[in-house]
Amino acid sequence: MKFEHRPVLLEPTVDALLQADFGGRGASRARPRDEAAALTRQATGIFVDGTFGRGGHSRELLGRLGPQARLVVFDKDPEAIAVAQALAAEDARVTVVHGGFATMTEELAARGIERIDGVMLDLGVSSPQIDDADRGFSFMREGPLDMRMDTSRGPTVADWLAQASVEEMREVIADYGEERFAFQVAKAIAARRATRPLHTTLELAECVASAVRTREKGQHPATRTFQALRIYINRELEELARALASAIELLVPGGRLAVISFHSLEDRMVKQCIAAAARPAAAHPRLPLRESELPQPILQTLGKVVADDAEVAGNARSRSAILRAAERTSQPLPATGAEDFVPAVPGAAEKGRRR
């Protein structure tokens with residue numbers, strides 16, 4: 001079955017990678033514009049799409065890159081990889097990696113790539129993944145309780161729920177879903193599985209709905225729990241943390257980072273990482289330095305962009321999307337690399353994955 005996918009914030013994302021004068025709300029005011037460098041990147045640069053999906057952002061970017069440029073695309077989803085390989089067969093500039101963006105540094109190094117000119121990450125679940133009941137992402141469609149981005153490996157949500165303790169479930173649902181009824185939901189799941197296992201999305205959605213006492217306007221009671229389980233089973237925040245550090249380390253001076261997030265946990269991590277890297281390192285208070293010798297930031301923020309009314313009207317899933325962008329400066333990285341700029345992954349991940 002063919003599912004339609006509309007890329008979110010399509011043009012602003014590619015603009016963030018290529019336009020010398022790009023700037024969203026909150027962009028650094030003193031940022032110089034290097035038109036020549038931007039044109040060189042566009043003609044011969046190496047770019048990464050860390051979340052190929054169905055290729056909307058990649059195709060838009062390729063349409064604006066020169067014939068000598070390269071684009072390396074990543075995705076965990078075997079169905080997305082099939083689409084990417086078809087694109088690569090048509091366009092020699094495209095290299096396909098079946099894997100998550102957390103492996104960016106290693107996969108690029110294996111292909112002889114040490115630095116890149118731009119990287120974009122679209123952190124949302126794609127429309128085809130949501131609309132395909134067999135993937136198990138939707139609480140509105142009957143399907144197996146799976147939720148894995150890469151269906152070829154790892155436990156499903158059903159596997160994990162069958163053996164997790166009430167406390168483990170509570171932690172995951174509270175930390176990754178920010179669900180205030182997390183304990184009640186965890187107890188309801190444990191009670192249900194004591195009589196019969198949870199195998200389908202609608203079974204879980206009904207179980208969660210029975211435990212969530214009040215409903216948020218316009219939101220299904222299972223929304224937060226499904227989000228939490230998807231994030232946990234796919235290690236989404238841990239992988240995002242690795243990808244952000246890798247991107248900062250890989251970008252050439254003037255290279256760009258563009259990240260689209262869809263919920264507060266992702267956006268908070270991206271925002272805090274960019275903000276930390278955009279703060280200059282502290283100079284020793286008694287060390288005499290000229291102004292030109294003062295520590296400079298690693299990144300300059302290019303601000304944020306949200307979908308306008310026209311896009312939201314045509315694609316409701318764009319309503320919660322936030323694009324944040326930043327540009328790498330020429331300031332050398334600290335000896336510890338970029339990991340110090342990335343905030344700690346909240347909650348359950350810090351306690352370790354016991355199961």
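Glycine is no exception: its Cβ is also placed from the backbone N, Cα and C atoms.
What Swiss-Prot annotates here:
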{"type": "BINDING", "residues": "GLY55, GLY56, HIS57, ASP75, ASP122, GLN129", "note": "S-adenosyl-L-methionine binding site"}
{"type": "REGION", "residues": "327-355", "note": "region 'Disordered'"}
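On the structure: features taken from Swiss-Prot.
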| residue | record | DSSP (3 states) |
| --- | --- | --- |
| GLY55 | S-adenosyl-L-methionine binding site | coil |
| ASP75 | S-adenosyl-L-methionine binding site | strand |
| ASP122 | S-adenosyl-L-methionine binding site | strand |
| GLN129 | S-adenosyl-L-methionine binding site | helix |
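Neighbour counts were taken at the CB atom with a 10 A radius for the binding-site residues GLY55, GLY56; the maximum falls on GLY55. Residue pairs drawn from GLY55, GLY56, HIS57, ASP75, ASP122, GLN129, the listed S-adenosyl-L-methionine binders, are separated by up to 17 Å at the Cα level.
Here HIS57 (S-adenosyl-L-methionine binding site) comes close to PRO7, LEU10, THR13, VAL14, ASP49, MET120, ASP122: these same-chain residues lie at least six apart in sequence, with C-beta atoms under 8 angstroms from its C-beta.
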